[in-house]
Every structure is written in C-alpha cells, then in structure tokens.
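If you check TrEMBL, you get these features:
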DOMAIN    1-225  domain 'tRNA methyltransferase TRMD/TRM10-type'
BINDING   G114, L133, G134, D135, Y136, V137, L138  S-adenosyl-L-methionine binding site
Amino acid sequence: MKIDVLSLFPKMFAPMQESIIGKAIERGSLSFNVTDFRDYTTNKHNNVDDYPFGGGAGMLLTAQPIFDAIAAIKEKDAAGSAGHVVLLDPAGKKFDHQDAERLASYDHLTFVCGHYEGYDERIKTLVDEEISLGDYVLTGGELGAMVMIDATVRFLPDVLGNAESATGDSFQDGLLEYPQYTRPADFRGMVVPEVLTSGNHQKIAEWRLKESLKKTYLRRPDLLEGRSFTKEERDLLDDIKTELNEE
Ligand code: 21W
C-alpha cells in the first residue's frame, strides 16, 4: 500500500517510522510520504490561509496550495493518481473499525490534513470522503490521520505477522474483550478465575463469551443494538441480566 499525506506540519508524522508501521515501511509492504503543501503556494509570503468571504472568526485553508500539492502527487504516481482521497474534517463521518477495514482495500490512500478553522469548500471537489475522529475538537487533522493510518495498516496481510491477528480482534465480532490474565495465577492475593486454569476448553470459551457479553451490555449497550445473537449468546445474556438484578 502507498500512503500520501498533505500537511503543514510534516514533522508531526516522524513517529510513524517507529513500531509496526515502521517495520512495514522497511519491509517495503508500505510506502509513506508526507507533502508540506506550503511548498506549493504561489503567493509571495507562502500563505496557505485567508479570511472567509462573508466574514466570521478564523481563517480558512485556501484551495490553490492543496490543488497543486494533489496535482504533484498525481504526477509522481506511476498510475497518475492520488488514489482514494480522505479529508480530515470534524464534520466528517465518524471513523470506525469498518472504515479501517474498507480503507485497507485501497492500494493508494491520500490524507489531507487541515490545521485551521476550516477549508475553502472547493477543496472538497478533490476528495472522495470526509472523516472525523470523533466528537471533540482537535487543533488539526494530523493526529486523526495517524490514528486512521494505524488502524488501517493493521489490516494489511503482511503487517501484523499473521492475517488472523487483525480480524480476530475486539470489535470484529461486535463485542468488547473478555478479561485476560497471565502468570502468576496468584498475584498479591488477586487470584485468576478458577475456570481459566481448569483446562476445560469448552467451559473457558463459555466463560469468555459470557464476560464479553456482560462487559458489552454494561459499558457499550449500543454495540448490542444492531447485532444478531446465537441461541447460546441469548441464553447467556438472559443469565447476565438475572444475575445483575439479584445483586
Ligand atoms: C477545529 C477545524 C475546529 C474546524 C464554521 C465556522 C480533523 C478534527 C479535525 C478544526 C473547527 C477531526 C467553524 C475530530 C477534529 C480538525 C481542526 C471548527 C468552526 N465552522 N476529528 N467556524 N475533531 N480539527 N470550525 O477537530 O481538523 S479530523
């Protein structure tokens, strides 16, 4: 996969060279390039922003540097494309697990990060979708782009080591993860649930499913709304509700 980023703060992306993402870059399964679109301004002072027509607070990113930076990415690309273009915008669609999996299917992604009060609307003619990280205000799109890239790259077949790691994870089956323990079995009097050391794999699987259902029911009931259940899951959920009412 090839990832391009347009940003006024390219140094913010230095940590992307680290860790699993960095290894994917080293191995050649990922290429990653950040373009400072201030380099593409055509005005004397290299301004990238201007006052909004109609008045109002704050500055807007102007169209010209972003149009020309996208054109430069297309010129450098063997297929003459910027790939699938994502605009980081607080008014965009809230990013989730499904978006990450979907973005992982493109062979070329370009993320456009703003760092001001907003974009000249005409910039949106360049983009395929607008995505937000969530309902809180950031100073710019850079951290959002890094979060999206991290979540997306995990789905690439040769990034996590084995293809199962990403898809077997939390959210894949729509439930939060069950509690996990490693050695020692007794740490300062806090003892691992007996079932986990029993060796009974059927009982262990049932305990884990029940704990996942309980945690999801208590913390994220919204995840259960749009989900269908097996008979085992429905029975366990009934038990959980009964047990919680008894306490
Ligand atoms: C912050 C841009 C506030 C715009 C009209 C008139 C990218 C982000 C960002 C930023 C405003 C993301 C307004 C979650 C985020 C981002 C910078 C509001 C007010 N509108 N995901 N005045 N949160 N933020 N402009 O902030 O660029 S993805």
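The backbone N, Cα and C atoms fix where each Cβ goes, and this holds for glycine too.
Note that TrEMBL annotation is computational and uncurated.
Maximum intra-site Cα distance, S-adenosyl-L-methionine binding residues G114, L133, G134, D135, Y136, V137, L138: 17 Å. Close contacts with ligand 1, defined as a Cβ under 6 Å from any of its atoms, occur at G114, L138 among the binding-site residues G114, D135, L138. Across the binding-site residues listed here (G114, G134), the residue whose Cβ sits among the most other Cβ atoms within 10 Å is G114. The binding-site residues L133, V137, L138 differ in how many other CB atoms lie within 10 Å of their CB, and the one with the most is L133.
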